[in-house]
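Copied from TrEMBL, the annotated features are:
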REGION    26-94  region 'Disordered'
BINDING   207-214, 289-293, 351-354  GTP binding site
DOMAIN    372-385  domain 'SRP54-type proteins GTP-binding'
Amino acid sequence: MEIVILVAVIAVVLLGVISGLVVSGRKKKAAGEKPESTQATTTAPAEPHVGEEATGTAEAPRRTIEEVGLPPAEAEAPPAPAPAEPAIEEPEPSAGRLVRLRSRLSRSQNTLGKGLLTLLSREHLDDATWEEIEDTLLSADVGVAPTQELVERLRERVRILGTRTPEELRALLRAELLTLVGPDLDRTVHTETQGPVDRPGVVLVVGVNGTGKTTTTGKLGRVLVADGKSVVLGAADTFRAAAADQLQTWGKRVGARTVRGPEAGDPASVAFDAVKEGTEEGADVVLIDTAGRLHTKTGLMDELGKVKRVVEKQGPVDEVLLVLDATTGQNGLVQARVFAEVVDITGIVLTKLDGTAKGGIVVAVQRELGVPVKLVGLGEGADDLAPFEAEAFVDALIGGE
Ligand SMILES: Nc1nc2c(ncn2[C@@H]2O[C@H](COP(=O)(O)OP(=O)(O)O)[C@@H](O)[C@H]2O)c(=O)[nH]1
Ligand SMILES: [Mg+2]
């Protein structure tokens with residue numbers, strides 16, 4: 001019996017010794033510099049084959065457990081900062097942007113001014129030349145009625161002028177184009193509440209998908225923040241989650257909060273909530289981005305009309321901006337007409353004027369709607385939205401100085 005107990009004790013002691021050895025072996029492996037090379041400790045270092053990198057670890061002098069420093073404990077490291085929120089940007093002020101961005105405009109535009117000046121400089125301005133002038137204006141999207149008016153006035157003034165120097169012609173054309181564009185129209189974007197009520201100004205942004213509504217809403221938010229205003233964005237384009245994300249991204253960059261609803265939710269209720277929350281938190285302006293599906297006119301009418309009506313339960317909408325892609329020319333005018341029937345447009349934003357758009361569209365769309373162009377988009381950059389200035393625009397049309 002005692003022998004049995006003795007054998008058992010010996011077995012237990014032996015087991016303990018063996019397991020102790022195994023554990024210390026493992027520790028050494030774990031402390032090795034290259035865990036992937038631990039095989040080298042159990043198998044003879046293989047000769048590297050041709051093309052293989054010799055790891056060298058097998059030759060490295062063994063270190064004792066005391067020599068091996070503990071790997072820096074991750075738990076002790078200061079908690080990694082949450083994925084860094086991008087720093088809030090300080091957008092540049094919007095004053096004078098059109099002058100600064102004029103070169104973008106003139107890239108595609110000044111063919112109009114140059115073409116007209118060349119034609120007007122001809123020795124004999126016969127009917128054929130006047131027709132050419134008319135065609136030049138029409139192909140620059142100026143529109144039929146404004147073109148005829150301009151040609152008539154130019155004919156009259158050139159006749160009175162008699163002989164004409166290039167400088168005189170340039171001044172004459174500049175003055176007439178300016179009259180056409182409307183130097184005295186009120187192009188203020190109304191972002192302030194009318195009247196004594198203390199609530200945010202409300203701006204509704206409408207237009208066909210792809211024209212640049214969300215981008216414009218984001219850029220306008222930046223302009224307002226640069227002017228020291230607090231802005232709340234309403235993502236009332238609820239048809240695609242991506243649309244709300246896109247708006248939210250714009251907002252985050254300048255510290256403007258975005259109110260959004262469930263995907264496929266009711267756009268009008270998101271718009272309502274945005275104004276309500278903006279009012280509660282004392283924001284200066286609420287900008288509401290909408291969806292612009294133009295499947296059916298009645299569908300659009302129902303939806304946009306409802307958005308506006310629902311927002312108006314809390315007070316009037318101060319500005320309704322229609323966003324038009326300037327490169328779509330006459331097509332844009334057709335869209336403009338449809339939208340104008342649905343909501344009272346108070347201002348036009350012409351986007352993509354930096355591209356192949358023709359400047360005449362400014363004249364045509366103002367005529368069509370009787371509403372001024374208030375802002376122009378001159379690129380995809382965050383600060384590429386400029387307040388429209390008639391003089392700077394006409395100078396860009398005529399080109400050079
Ligand atoms: N070149 C240029 N691209 C623009 C301008 N405004 C918007 N875009 C681009 O047009 C595309 C559609 O814009 P988005 O705001 O999503 O249109 P939405 O569907 O009306 O909301 C995007 O790729 C924008 O970057 C502009 O002024 N110039
Ligand atoms: Mg959009």
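Using the three backbone atoms N, Cα and C, a Cβ is placed for every residue, glycine included.
Among the binding-site residues Lys213, Arg293, the residue whose Cβ has the fewest other Cβ atoms within 10 Å is Arg293.
Cβ contacts within 10 Å of Thr290 (GTP binding site), excluding its own Cβ and spanning all protein chains shown: 29.
Counting Cβ atoms from all protein chains shown, Leu353 (GTP binding site) has 31 others lying within 10 Å of its own Cβ. When the domain 'SRP54-type proteins GTP-binding' (372-385) is classified with DSSP, helix, strand and coil residues number 0 helix, 6 strand, 8 coil. Across the domain 'SRP54-type proteins GTP-binding' (372-385), the prediction's mean pLDDT works out to 94. For the recorded site, Gly207 (GTP binding site), the DSSP three-state label reads coil. Lys213 are the binding-site residues among Gly207, Gly210, Lys213, Thr290, Arg293, Leu353 whose C-beta comes within less than 6 Å of an atom of ligand 2, given in sequence order. In the three-state DSSP reading, Thr290 (GTP binding site) counts as strand. Among the binding-site residues Gly207, Gly210, the residue whose Cβ has the fewest other Cβ atoms within 10 Å is Gly210.
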